[in-house]
Amino acid sequence: MKMCFEIRKQKYLEALDSKEKTRALEILGKDLKVFQTYNEELYREITYLLTLENFRDNEQLSKYGDTKTARKTMIVELKKLIEANPRLNDKLVFPSLKPSRLRTLINQSLNWQHQLCKNPKPNPDIRTLFVDHTCSPPGPAGASSSTPRSPSVPAAVNPSAVAAATGAGTSVPLNQTLVSALKHSRTPPTPMNNEQRGKRLRSVPQATEATNSLVVRQQVPRSLDDLTRTLFCTLNQGSTVTSMDFHPSLHSSLLIGTASGEISFWEVGRNERPILKPFAIWNSATCSVLFQAAYAKDSNVSVCRVSWSADGRYLGVAFTKHLVHLYTYQAPNDLKEHLEVDAHVGSVNDLAFSSPHKQLCMVTCGDDKLIKVWDLTGHNLFNFQGHEAAVYSICMNVKENVEYILSSSVDGKIKAWLFDNSDTKVEYDAHGKYCTTMLYSADGTKLFCCGTSKNNGDSFLVEWNENDGVIKRTYAGLGKKSMGMMQFDTTKNRFLVAGEDKLIKFWELDNPNILASVQVDGNLSSVPRVRFNRIGSLLAVTTADGRVKIFANADGIKHLRAIQAWSCRASSKANTNPAMTHLELGEGSSARRSKSFTELPEILKCQMITLPDTMYPTAKVARLVYMNNGVGLLGVGSDGTQKLWRWNRTELNPTGKAMASACPVLWRPNSGFVMTNDVPENSEGTIPCAIISKNDSYVLSACGGKLTLFNMLSFKVMVSFMSPPPRSTCLAFHPQDNNVVAIGKEDSSIHIYNIQSEEVKAKLTGDEKCITSLAFSMLLAVLVSSDADAQIFFWSIDTWNLKKSLKMYLRDESPVNGDTQVQFHCNQINLLVCHREVLSLYDASRMELVMQWVPKAHMSGSISCATYSGNGKLIYTALTDGNIVIFNADTLMLRCRIAPSVYLMTPNLPNSENVYAAVLAANPQEPNQFAVGLSNGAIKVIEPQASRRGNNGSWMGKFKRAGKPPRHGGRACSSAMEETVSDDGNSGANTI
């Protein structure tokens, strides 16, 4: 009864929450009325909720969140009630079945049911199992019916007419090897005499033929656009490539090992090879006598394997003679020798990194039949022995926090090893009983094996059941008599790729049929090596003439073209006059400026509105944050008070989106709650911080005290945590999990905190001063932080290790100091860095500075803030002299300057000459709209006004020389664009 009550009560609350009081009253009278006899008082309280404007005003329901959260909470409570119910004891345990058993039973049922039809469907729908039926006779296209009938199953059916489909959602012909599983039906037969049985079988002459093409479940094919099938570029390595590996976070950086023993580091986006390391013995004194003898006899050494560590800080190289080289890597091009190990007698055939007991280690295998584990100082931690032939490959995986090794040898044996035990735990025969390569899917749940059969030389690619040592799925489409060892790779828990017969072949993980194949122009080897980058956007494929072809999907092409564009701009800047090393206002090439700046619009109007505030602000605006859906703006005062303005749907604003031509309302819930942070007594110098969740349901903020999570609908406090000291200074939600937040602290640390579990997942240290800003990039898998000493830090979000730190400098190489703000472009590669003295753009994938802008000439004020527009095409920048300048985001070319007289000329601001935009926020839904928080506390929303001359409400309209003086009028100020003259007499930028 309690379970039924909770479910019906949730329905009632959801109806109240959506303001459907008629439906709520119906639920109260029909579904909840039955509980009145058990608890009259409770029923009366539930009825009283109808009289409230917001049922959350009831004290017991004050913490009721949104519908999704409430349902999750209810499910948890229902599970507890079910488990505590004594009537359900021993009735909730599902019988132990193999994963494929239920699917097999369904397939058998579907096969038997349609075998009995006079006109069996070629592609029967799974829903036909719900009733006994006969398929409709053939008719016009699209006609179908299902008619119930009395159950009648033959006592015996020709087994060749029965098929069990293999693989989920796959169309396959009849597989005779599966017939035996269907010989004994579990459905009780209906007695028939021989004559009846003969008539029944003769009445369905097409049954056998129809079931041969039976499709158990149709599935819409996934888009081929996600496949890396477009040839982007070719890297000319110059010698035969034997191994490749993309950097784990710099997704366009490729490490290559060759048959001549050299390793190369390529930047694919720029088609550059900044690092080339030929083979060399670092310290012959540490090498064994066996190696020295082998090397003296034959000095030819090839690379067997190159591999990155998970954090991208180390790379390992295994050679065909004894040695392993370990390098440390620091982006962009810093590769240092770290360790040389005489690891095995003979060839070191494979190398991988692992972290048993949270200690990064290097695992190797070789011709001496051993698997060895090394720490990063060269100490041999473990030796695993048990193979009777050379160990060909190794594969790492983690299950239930236990790391283990799978290994395969050239005699076709697969073994499994635990780090705390040198004895093998599992041993199987590989599919081809020969050399086998193994890989796990990205989530570690599926194991794939690829190789060549010893007996006939046929290539194979299979999904392997590591628990039972059997093949779960064999992938079709591979040729016969391979000329070498076939190579393969997998990505994103979705695709497999292999190179064979001078083709690149793709499969979906759950479909044994080949998805697509690509024939490449050029000298592709018979079994090319293939390698995906970590996010599956790029694919490297080797050729027989020492080159590597790079294939990309749409995301990969976008990423590489962005890198190319930035590289070209940086290159062109480096080849110009030194005075143009940084784009600066009022300086540089007059020809370039006349082309970009002096073509002014005849009239460019702007609209703006001052947000109403019934409580005139007495505190400086410290933060402005737009809601993600573009219908509201959150303002945070330096006193910790937060105000939310919302735009309602009206005749003037039918969309309800934020706009400067419609006045928003200062929104407050009926409860009268105000979002106010805990502010300590000694709050001098405290800067508030605030962020809004992706679903616009919550705001997390702090003002020197505890962090507080507010519900943006009710303004109620959901939770408070993390009391100072140290004080929180900046925040950033994890892009993939709103429950995880990065918290910058006053003591220069960063806490990665899980709000749901109330625990600190990681604590990052490395900054030297107060953290001032944080930004995530999921594409690059990095968290970028900046501090009060103008330093930028790049952290891996996979391991939370520091990747690189940068100090900001001006063009004369003088360092800058002070607070710094960082923000990622929407492409998650370009990084905007704002400092009071300079505006900088960085290529975060390379962690390099690309260009800078320094305020000069008539705009002598320092930079107060800057932000990307919603679409990333513009950069809005505010200066302390009152100017607001708008740049092209790709080039830092100045597009427009809004003079302070435009947005400060109102009767409410008599001292406008001392007022400037202290904070900026860009509307994520409207790229040409931004909001400014003035230093006196007022907040304005500004956007361009559509022009009859084709401006279309954009700051980047078609420019034409102006000839009219500025003028103002209406609700928002509109003005002519003026031509600014700089100190050197050259034409300046466009000015409103």
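Cβ coordinates are placed from backbone N, Cα and C, and glycine is handled just like the others.
Features of the protein shown, as given by TrEMBL:
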type	residues	note
COMPBIAS	983-992	compositional bias 'Polar residues'
DOMAIN	1-92	domain 'TPR1-like CTLH-containing'
DOMAIN	95-135	domain 'TOPLESS zinc finger'
REPEAT	341-376	repeat 'WD'
REPEAT	384-417	repeat 'WD'
REPEAT	764-805	repeat 'WD'
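Each residue of the repeat 'WD' (764-805) gets a DSSP state, and the totals for helix, strand and coil are 0 helix, 25 strand, 17 coil. A Cβ distance under 8 Å defines the sequence-distant neighbours of the repeat 'WD' (341-376), meaning residues of its chain 6+ beyond its ends; these are 286-288, 290-291, 304-310, 314, 316-324, 326, 382-385, 387-396, 403, 405, 407, 409, 417, 419-420. Confidence in the repeat 'WD' (341-376), given as mean pLDDT, stands at 93.
Across the repeat 'WD' (341-376), the DSSP tally of helix, strand and coil residues reads 3 helix, 21 strand, 12 coil. Residue counts for the domain 'TPR1-like CTLH-containing' (1-92) under DSSP, helix first, then strand, then coil, are 70 helix, 0 strand, 22 coil. Helix, strand and coil content of the repeat 'WD' (384-417), in residues and according to DSSP, is 0 helix, 24 strand, 10 coil.
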